[in-house]
Amino acid sequence: MMKFRFRRQGADPQREKLKQELFAFNKTVEHGFPNQPSALAFDPELRIMAIGTRSGAVKIYGAPGVEFTGLHRDAATVTQMHFLTGQGRLLSLLDDSSLHLWEIVHHNGCAHLEEALSFQLPSRPGFDGASAPLSLTRVTVVLLVAASDIAALGTEGSSVFFLDVTTLTLLEGQTLAPGEVLRSVPDDYRCGKALGPVESLQGHLRDPTKILIGYSRGLLVIWNQASQCVDHIFLGNQQLESLCWGRDSSTVVSSHSDGSYAVWSVDAGSFPTLQPTVATTPYGPFPCKAINKILWRNCESGGHFIIFSGGMPRASYGDRHCVSVLRAETLVTLDFTSRIIDFFTVHSTRPEDEFDDPQALAVLLEEELVVLDLQTPGWPAVPAPYLAPLHSSAITCSAHVASVPAKLWARIVSAGEQQSPQPVSSALSWPITGGRNLAQEPSQRGLLLTGHEDGTVRFWDASGVALRPLYKLSTAGLFQTDCEHADSLAQAAEDDWPPFRKVGCFDPYSDDPRLGVQKVALCKYTAQMVVAGTAGQVLVLELSDVPVEQAVSVAIIDLLQDREGFTWKGHERLSPRTGPLPWPAGFQPRVLVQCLPPAAVTAVTLHTEWSLVAFGTSHGFGLFDYQRKSPVLARCTLHPNDSLAMEGPLSRVKSLKKSLRQSFRRIRKSRVSGKKRAANASSKLQEANAQLAEQACPHDVEMTPVQRRIEPRSADDSLSGVVRCLYFADTFLRDGAHHGPTMWAGTNSGSVFAYALEVPAAAVGGEKRPEQAVEAVLGKEVQLMHRAPVVAIAVLDGRGRPLPEPYEASRDLAQAPDMQGGHAVLIASEEQFKVFTLPKVSAKTKFKLTAHEGCRVRKVALATFASVACEDYAETCLACLTNLGDVHVFSVPGLRPQVHYSCIRKEDISGIASCVFTRHGQGFYLISPSEFERFSLSARNITEPLCSLDINWPRDATQASYRIRESPKLSQANGTPSILLAPQSLDGSPDPAHSMGPDTPEPPEAALSPMSIDSATSADTTLDTTGDVTVEDVKDFLGSSEESEKNLRNLAEDEAHACAILIK
């Protein structure tokens, strides 16, 4: 009979079809700023911008929501990019001197980016392929000749090659060799020296046949491509960095390595030109750094703009990253906090226009993109609708809030608009507006909250493709730090010369690492939130539309409860400011709760309907009533051997003494493992469990090699008292007839504490509850036998659905939970998921995820998956991410595996740690310090770029035949989006679900019938726990007096045998 129990049932076609309608894995879009940018391009006709990166990625941006992404086959650095103006084509140059042609093509009404052709410059004539010096043919600069499909390639060997862009083939007979240029140079200038590499190629605005060529030695040449001759020569002597034509083409501007720039007059009467008309060193006379790039733009109102990067005094400000903007007598030195990659101006490019009249200056930095309005006095920055630097301060935590009410959304946006730090606001709209966003307006608004190292919390609009900044909350003003001193120094520096002006928001330095935000929780119905930090600070805030000046109440909770033998060796707590403090419109602090010891907060949860906030650290957890501003509960979870928990966050290395002690313990344990131990009640119970396991798993049934037993962990493991999760629920804890508020806490050692709360009920129709004190009584204490850290806890109602959020049911925003049937609690540990019935806490279902060696649960969330085939059908499932980077989806409460996907590379530890799931089957994780990858597990709820671009060039069959491949998405470099469906029959029949009405804001959850772990339908579970019998120690502190006496009597006889539950 046991053989039939382990036989796998066949897949149910109906269920497999339903799973395909519910689940689908897609990596959809990358939010944030590209990591390690290396090149920049702009198409003034289509108004689109391209950014290349060191990893070989190409990203094109237009209007908000218009994005295209491509990835070169070789992970080489993109050094230059150039648009074929108005054609939707882009030419990229890599550091291996290969050229690649990209095209924006349309399929089914939407556009995407494809690589069409690639080209490698052949070896220098006269050399064979093996002996040719690579430096001679290394491409240093690329120019796309206007009004033609020709590209000029400048090389390190001083040659200029010409290329047919449509086919990426060399044009024979048109190569400009250095010898031909040297014949036009006076003998005294040559002096037997080479010209040097080609540093710059610039096209003539009105005459495309004329090309300005600059060599590194300083020689400037105007080459006429039509007549194949030199039109003009400028005999420069300074090492050249960059070139620029004047608008009327009568002047040429050059910048040099000594921090100077020169203006040359193109006078046909003087050949060659020996001296420039103007030569100046803006920040001289002392030695200066090179001016890497210079732009000259004239204005109809008179005068001209001179914009250049670099040129700072080498000794004083050689480490600054600056772009200088000079017009008439006005000079502004834009001081950035990261390296300058490139910049361009948005100006008129029509040949018939007489003036440039620049509107904006776009500067691409290593860590952000800054756009300045050149038409408004003061040249203020233009707010960016995307490409905001997520990592302006290092991201320390993140959270997602789905279905934000419109009223709260408007209040947050209004508060953010009042935060403009600039004295003058820009009247210029975002200048990069190309393409059309075809995606529908999102029906629901989503907020992404990111906590940062500098104590700020940033609010992002995550409803669509473009991640737009909305509001920034700063908590540093509540505490005494050294920032005032730094601000005074910065103010003093601004009065000096050069006239520095701080631009951009990237600031990687934090005034105090204790300000770092560790946990964030927001109630979208009451506009209240909690922010918890690195030094044990827990801040409760409330949204206000007007600025106020008020003092903040401070409460201190000692989690150790004066326990002896523990001494905190970490950092001190932050000192709060006293007295009334000014607070701008936005989230304003209501009360500050300080945990002692001041360790980093590891878990937090907020229940606004009860006005309670719970928080946990590595020492214990606390409960605080922020309405009465009084503590309710403090519980220490430290084990006597948890000495490492007192070291603080900076002491992560075990001491040599402790490491040696544990090593000798392991050696002794291995030597005596074969000896017979003294029999006691606990060992007898374990032996009985082992016998049951052997009986349940006959020897003729072969176990899968990757499966293993879950080994129980030692109770004295370091940091076993860390609180991993906290949870509020209105459920049955005392008995099956009376439900009430409860609080649940899970720790690193597999302990779960459940408290019954006495919360005064609010009056009918009232928002606030009475002022009576809240009481907390320990109801249950569950110790998981395998002692794996508890990652998440959730209570399921009688229909198997998770309980709604605070105020959702009372305000008719979600269906009320079923309080008639039996509730259950889902406890997710790092090794397995278990469902217990309430209030008896007896085993109902479980799933052992660690049957795969080395697999651990890292992130868990309950999500709603709507069907693409039927709008009225949805299921609530459990989504989890493992340390291997795999995402698994399970049914609830049956814990049946539905699908699993490979999402993140297992080596990407930071990406796995940063993952956040949404309530509707999507997720975010960091692929770099500045970028979130967005993915979707839902077949219906997908956020991806859907856009088009109006292109003005014909697409004939010849050009289409050159297309070699579609570019892979950059996101695939960080995990293969393969889809693996569970092969076995999972639920027999589709799970029932109630309908989704149009007036229901939140999608409904599936009402799944509870399954017993011994039922016949559970026999097809692939990763069953048979043979891995564990015992949970459950202590009930709310039973009847007779049961309590019995428990105490049993506890006195044998503590390990008390209230034991056997789970098979």
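Cβ from N, Cα, C; glycine included.
Straight from Swiss-Prot, the features:
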REPEAT    38-71  repeat 'WD 1'
REPEAT    78-119  repeat 'WD 2'
REPEAT    139-176  repeat 'WD 3'
REPEAT    200-234  repeat 'WD 4'
REPEAT    240-272  repeat 'WD 5'
REPEAT    290-332  repeat 'WD 6'
REPEAT    396-474  repeat 'WD 8'
REPEAT    518-593  repeat 'WD 9'
REPEAT    602-663  repeat 'WD 10'
MOD_RES   Ser663  phosphoserine
REPEAT    723-783  repeat 'WD 11'
REPEAT    792-844  repeat 'WD 12'
REPEAT    916-939  repeat 'WD 14'
MOD_RES   Thr958  phosphothreonine
REGION    966-1010  region 'Disordered'
MOD_RES   Ser967  phosphoserine
MOD_RES   Ser985  phosphoserine
_Outside the repeat 'WD 3' (139-176), six or more residues from its ends: residues with CB under 8 Å to it_ = 80, 82-85, 89, 91, 93, 97, 99, 101, 117-119, 121-122, 124, 133, 194-205, 208, 211, 213, 215, 223, 225, 228, 959, 962
*asked:* So if I exclude everything within five residues of the ends of the repeat 'WD 4' (200-234), which remaining residues of that chain have a CB under 8 angstroms from its CBs? That is, six or more out.
replied: 141-148, 150, 152, 154, 158, 160, 162, 174, 176, 180-181, 184-185, 189, 193-194, 240, 242-245, 247, 249, 252, 254, 256, 264, 266, 268, 271-273, 276, 349, 351
_Intrachain neighbours beyond the repeat 'WD 1' (38-71), with Cβ under 8 angstroms and 6 or more residues off its ends_ = 29-30, 77-83, 85-86, 88, 90, 92-94, 102, 104, 111-115, 341-344, 346-347, 349, 362, 364, 385-387, 430-437, 439, 464-466, 468, 945, 947, 949-952, 967-970, 972-973
*Cβ under 8 Å to the repeat 'WD 6' (290-332), counting only same-chain residues 6 or more beyond its ends: which ones?*
239, 241-242, 244-248, 251, 253-261, 281-283, 338-340, 342-345, 347, 354-358, 361, 363, 365, 372, 374, 379, 498-501
*Do at least three CB pairs under 8 A connect the repeat 'WD 12' (792-844) and the repeat 'WD 9' (518-593), leaving out pairs fewer than 6 apart in sequence?*
yes
*Among 240-272, 792-844, 916-939, which stretch has the highest count of C-beta pairs below 8 Å with the repeat 'WD 8' (396-474)?*
916-939
*Near the repeat 'WD 14' (916-939), which same-chain residues lie under 8 Å Cβ to Cβ, leaving out any that are not at least 6 residues past its ends?*
20-36, 367, 389-391, 394-395, 398-400, 402-403, 446, 448, 462, 467, 859, 861-868, 879, 881, 887, 889, 899, 901, 903-904, 908, 910, 971, 974, 977, 1002-1003
*Would you report the average pLDDT that the model assigns to the repeat 'WD 3' (139-176)?*
91
